[in-house]
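Below you'll find the structure, written out as structure tokens, and then a few comments.
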Amino acid sequence: MQRHASSSPSPEPGGHTGDAVNRSRREQLIESLPKPRNSAGRDLKSAVITGVSLGALVLVCIFLIPTPYGWYPFVAVAIALGSFETLSRLKEAGYILPFPVVLVGGQLMLWTSWPFGTKGLVSSFVATVLVLMFGRLFHHGRSSAPMNYMRDTAIGIFVLAWIPLFGTFAAMLALISRDGVPGTLFIITFIVCVIANDVGGYIAGVLFGKHPMAPAVSPKKSLEGFAGSVVAGVVAGALMSHWLLNDFWWRGAIMGLGLVICATLGDLVESQFKRELGIKDMSAMLPGHGGIMDRVDGMLPAAMVTWLFMSVMSMSVA
């Protein structure tokens, strides 16, 4: 099923009438798309059980298994599942994307970053993009021109950057080391700041939320909630930097601010992504939560900014 018709509708007597027809067709297409089974509402009990289970798994990967031997496989599974559910949704909407290229390329990006750092990550990303571009070119054979080539290739590159590229930076937090501070503490700092961002935004939004932040994209997000996220994220970053990383508190505050901004924008990106596909959740993989991407949407770009900031901190003198 194609998202866009291959031919334009016949002109209407007035521009407004034509726009109404197009909107009606888009609405019909959105309604026809499959919805995840849990899109009607959240099961609080399932959500709590899933959240506690994931939290316990993260703790095991961080504390019981030496870093990065536990953290890297955990991120690898999250990247694979997030990529798969995203590709599945795009396939339902009519996009043609090679699952093996994106899934294998995403894992290649992650695992080459362990021994080779950003050089391995960037090299694998470029190689995967080239395979995606050339493979899509001949998807219909050598004798047939590819249909929607630019659309599918562009969304494929977007997925590669959005999930495995950004996700790899989360894994690479385990490789940072400065003045005897192990990578485990950098991971903990990142997770605590993310939790503070979510909790602060939720509490402030529920208690004081009146002014929508981006109503056309995500009606439930408020400016008051964003302010709560900023306060909580900055405070958490400052405290973790001072107590855990043995660094200046103001550096952690700046990092927390950058994390909150990127996490919020990451949430909006996924909201718009789902809005254009006409879905509520990326999947029903996590009972009570939706899909993997519904949980890590904001964490992905935040991980890249956090890694960048912490890497700069590790090269400077505290």
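Yeah, the Cβs are placed from backbone N, Cα and C, and that goes for glycine too.
Remember, predicted model here, so these are calculated numbers, not experimental data.
TrEMBL lists 1-25 with the feature region 'Disordered'. Residues or ranges marked as transmembrane segment by TrEMBL: 47-65, 71-88, 95-114, 120-138, 154-177, 183-204, 225-243, 249-269.
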CB contact flag for the transmembrane segment (47-65) and the transmembrane segment (95-114), at least three pairs under 8 A: no
Of 71-88, 95-114, 183-204, 225-243, 249-269, whichever stretch has the most CB pairs under 8 A to the transmembrane segment (154-177): 95-114
